[in-house]
Amino acid sequence: MDGNFGPTEQILWPISVFSGIIMCKIVYKITCQFSLRYFKAYNRLSKLQKVEWNNRGFSTIHAVLAATVSFYLVVISDLFRDGPHEELMINRKSVLSDTLFGISIGYFLSDLAMLLWFFPYLGGKEYVLHHGLSMYSILLSLISGKAHVYILMVLFSEATTPFVNLRWYLDIAGQKSSNLYIYNGVALFLGWLVARILLFIYFFTHMYLHFDQVKTIFPLGRYSLVTVPPMLALMNVFWFWKIFRGMMKTFSKMSHTQ
């Protein structure tokens with residue numbers, strides 16, 4: 001594997017990873033203070049529930065940041081578009097993509113540390129596996145400078161996280177019968193369908209059509225690219241089925257009460 005250790009990277013990577021960790025800590029504290037002041041339900045929570053409430057605060061911020069930057073780089077910018085670029089798409093990167101990857105590694109490190117410390121309360125083995133695979137893929141792409149376009153596509157799937165977190169917040173606050181809970185559930189279903197099911201179908205189609213470039217990646221990176229995303233896709237399908245069942249159960253309760 002050819003290293004990607006230029007002077008800029010030697011400064012940018014540690015700062016961005018550290019920034020991701022600090023971001024999580026700051027948002028965790030702000031979520032705690034904000035919730036104490038403005039949400040009565042927060043004061044009634046147990047200690048572990050407050051930990052999860054605050055944890056979901058920084059996971060939401062990371063999700064918005066990751067989805068926004070990924071969308072910009074893949075869809076709006078011309079970084080990965082076919083055209084005047086002489087460099088292969090699989091080798092293209094930018095300071096912004098490097099920065100996002102570093103921040104995301106800092107986030108996943110922070111969240112994984114909390115998952116393990118409070119295991120299994122904040123999430124079971126599937127969450128640990130998801131975070132481990134995500135961190136491994138991002139780190140490999142960051143160090144090698146390869147396949148940034150595909151990592152960004154996967155990071156865009158974080159766009160569903162705010163809906164997942166809002167659903168948990170409303171549930172723990174006793175708002176499962178509210179209209180907001182129902183609307184958010186529908187939004188979560190549709191968002192998951194687009195960002196974690198259809199997007200992965202596009203991901204695999206795109207990789208198939210550009211497999212001549214994928215084959216130029218060093219062996220570990222190439223094998224990781226064809227094995228890790230399918231594992232994440234299977235987890236997404238499993239969670240999508242649970243979301244669908246939950247939505248149908250909610251609609252069923254609504255029809256019985258009317």
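Yeah, the Cβs are placed from backbone N, Cα and C, and that goes for glycine too.
Note that the coordinates shown come from a computational prediction; the quantities given were computed from them, not determined experimentally.
What TrEMBL says about this one:
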TRANSMEM  12-36  transmembrane segment
DOMAIN    48-252  domain 'TLC'
TRANSMEM  57-80  transmembrane segment
TRANSMEM  100-120  transmembrane segment
TRANSMEM  127-143  transmembrane segment
TRANSMEM  149-169  transmembrane segment
TRANSMEM  181-203  transmembrane segment
TRANSMEM  223-244  transmembrane segment
Would you mind listing the long-range same-chain contacts of the transmembrane segment (100-120), meaning Cβ under 8 Å and 6+ residues beyond its ends?
12-25, 48, 51, 55, 58-59, 62, 65-66, 69-70, 73, 127-128, 131-132, 134-135, 138-139, 141-142, 148, 151-152, 155
Which range wins on Cβ pairs under 8 Å with the transmembrane segment (149-169): 12-36, 127-143, 181-203, 223-244?
181-203
Thinking of Cβ pairs under 8 Å, which stretch from 57-80, 127-143, 223-244 has the most of them with the transmembrane segment (181-203)?
223-244
In terms of Cβ proximity under 8 Å, which residues at least six beyond the ends of the transmembrane segment (12-36) contact it?
42-43, 50, 53-55, 57-58, 61-62, 95, 98-107, 109-111, 142
Tell me, roughly as an integer, the mean pLDDT over the domain 'TLC' (48-252).
94
Cβ contacts under 8 Å made by the transmembrane segment (223-244) with residues that lie 6+ beyond its boundaries:
126, 129-130, 133-134, 136-137, 140, 147, 150, 154, 157, 185, 188-189, 192-193, 196-197, 200, 203-204, 207, 214, 217
